[in-house]
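Here TrEMBL flags 20-41, 48-69, 89-106, 144-161, 241-260, 281-302, 308-330, 337-356, 371-392, 413-437, 449-469, 489-509 (among others) as transmembrane segment. The feature domain 'NADH:quinone oxidoreductase/Mrp antiporter transmembrane' is assigned by TrEMBL to 161-462.
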């Protein structure tokens, strides 16, 4: 009878490097704990508990990240599914900092008469009796904090994934909370829900394409590991058709999250319809994670096919810059203008990705470092700019019409001056972080032999300065608009705005320290 018994399967227990993974695990644990707090705490206590949990978690995660970095820890974690290297360190630190600043803006209640910017009852039909009762009771959804922490967890894993299956799971973990939060605006709820639906549907299509691409590369290599895929791609006997299709499908998912043309159409509508704090969170953190993942996949797994994807990315960079800038020129809504600006910045970032030259270590380090510094400069300006957007209001709430910003400097010169600083950084004006970031990006592409792409990028940057300067002219050189005022924001909004301004000036005047950190993040661990 024993001959019919199946042999016992031996399963090795997974090995987890707890200290190295602590930054991610703490954020994930905080997200889970935040959900439990929503279930057990009375409503009046939830806001303070959630904000305290977010702040404590980010501080602890940054502390563990610093300890690991100073100890020189690097390697493949979680049985090879995550790689902790220079780009991962920089990406995690930036995601934690910018994510925390965005979460602070989530907590702004003074501007809305004691309520947050999120819907009192997100599940209620807009205009229904249930919604009216919830709004009258000043209810608020503090679930956005654990949702944001889940999204941040996915972003951190996404930026450091060293196998494609983990990459896809991280993509879904970061995306699903963003779909929900995009539809939770307290004001203009139909527009917010429309934005969430568009984002969900288009994101689902992009994820499906990416999953098809992952399946094709798995058939090719027999593994999800980026290193194994690199070896399979380098094999001369491998069928090129399967590689090209898999490469293209994976690129669709990554470029969609980065907002690169032609996968950008969701960006203006979602930026406009989502609650402004969520828009600011997506604008920097999603783009940062997507670009970091894009570089890791194409520099590590598909480095041997640069002759295929570099020219395509160069073309996409041009289209992204041009379409983003042309779209921004005609906008009358400040959030849509910043959305098209974000698209244009994705083109500038893609310029540096293309700039990795044939000398892989040197070129890769240069392009990766340039991208990391650019993302830091863009992040500080973005967090500050969207914080300012929440302050400019009319009797009904936020006033995002650029015409309503006329004469803002006469109403509040500090707010107008800070917004002007962020616009100048976006434009790449000297003495701001944006200038140093563009200089690094253009230098990387030039050294990689793409001088013609740099010329187009510089010309595009000059044209883009027009709509940034237009906002400044409207604020400082026009008669004050009637009915518009600057709301009295609390410290939850002012702290991110001030940190954004200090960071923008710091990276513009004293960039060496961050440049050194970006140089440390210049090479991927294979």
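Every residue gets a Cβ built from N, Cα and C, even glycine.
Fair warning: this is a prediction, and the values are worked out from it, not measured in the lab.
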Within-chain partners of the transmembrane segment (337-356) [C-beta distance under 8 Å, separation at least 6 from its ends]: 258-261, 264, 267-268, 270-272, 279, 283, 287, 291, 294-295, 298-299, 306, 310, 313-314, 316-325, 327-328, 331, 363-364, 366-368, 370-371, 374-375, 378, 382, 385-386, 389, 402, 426, 438, 440-442, 444-448, 450, 453-454, 457, 460-461, 464, 467-468, 471
Long-range Cβ neighbours of the transmembrane segment (144-161) (under 8 Å; 6 or more residues past either end): 23-24, 27-28, 30-35, 37-38, 50-51, 53-54, 57, 81-84, 87-88, 91-92, 95-96, 99, 102-103, 106, 116, 118, 167, 169-178, 180-181, 184, 278, 281, 285-286, 288-290, 292-293, 296
Considering the transmembrane segment (308-330), which listed stretch of 241-260, 413-437, 489-509 counts the most C-beta pairs under 8 Å: 241-260
Range from 20-41, 48-69, 241-260, 371-392, 413-437 with the greatest count of C-beta pairs under 8 A to the transmembrane segment (281-302): 241-260
Feature contact check the transmembrane segment (241-260) with the transmembrane segment (371-392), CB under 8 Å, 3 or more pairs: no
Spatial neighbours of the transmembrane segment (20-41) far in sequence, C-beta under 8 Å, 6+ residues away: 49-50, 53-54, 56-58, 60-62, 64-65, 68, 73, 75, 77-78, 82, 84, 92, 96, 142-143, 145-147, 149-150, 152-153, 156-157
